Amino acid sequence: MSQEKHWVMRLTWKVQEEVITKWQGIVRYWMNKRNLKWEYKMHYQITWAWYTMSRYVIPLPGSGEIHVDIYWHLAPKQGWLSTYAVGIQYVSLVNDKYRTELDPNTADSMIHCHYFTCFTDRAIQQALRGNRFIFCQFPGGHKLTGQVPSLQYLALLAHQNGLRKRSQRGETRRTRNLGSQQGAVGRMAQRYGRRNQQRSQTAFWPRTPIPSMELLSGGRGETGKTHSGKGI
């Protein structure tokens, strides 16, 4: 007896094949560089999901997972044999019956909470010395808030939460309590801190792109194009 098909409505973003190929290359790069425990499944490993070309499972420790499903050959009766689409959903590990669709901005914000911190160790040192600028390695993760936090604030959080796991050098220790009586480092920080420096609410993209869901769905990224979400 053949199994009956069960159709499920999903929110998807229709994208070009080259966008998917580019995003997959970015994911492979970061998975190898940072040893990310993201899981990649081919279509033959997802036999129960029709039209699914591949799936990426992104763990969110303590809560659930983000499933990124890439579909192909959708709606053949409409002549869409060579079209591709992307679906993003959150799957709870606490309640296995709960799952919900995600838009790219929300997915990027959730990923940003667990991966790809805003700042680097070098940027923290520059902030402690008085340089003020707005920068983030993953600007797509701040779409919901509309503004990237200042690096001084992020550096303070990193210091308090113990994210800097290396020994403090002499110059770094002297910058904990900046003042005019602390030698060259203190005077330099005091001088730079008084300067009028440019501010911006627009974050710059890093040299190596982050695997953003917005980039995958055809939204604003290096290409600068926008595509509306469509249910297929």
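Positions of Cβ are set from backbone N, Cα and C atoms, glycine also.
For Thr100 (phosphothreonine), the same-chain residues 6+ apart in sequence whose C-beta sits under 8 angstroms from its C-beta are Gln89, Tyr90. For Thr100, the entry in Swiss-Prot reads phosphothreonine, with the evidence type similarity to another entry.
Annotated phosphoserine per Swiss-Prot: Ser150, in sequence order, evidence recorded as similarity to another entry.
Per Swiss-Prot, region 'Multimerization' is recorded for 157-172.
If you look up Swiss-Prot, you'll see 164-232 marked as region 'Disordered'.
The motif 'HCCH motif' annotation in Swiss-Prot covers 112-142, and the record cites similarity to another entry as its basis.
Residues or ranges marked as motif 'BC-box-like motif' in Swiss-Prot (evidence: similarity to another entry): 150-159.
Following the DSSP three-state reduction, the secondary structure of Thr100 (phosphothreonine) is strand. Mean model confidence of the motif 'BC-box-like motif' (150-159) amounts to 61 (pLDDT, 0 to 100 scale).
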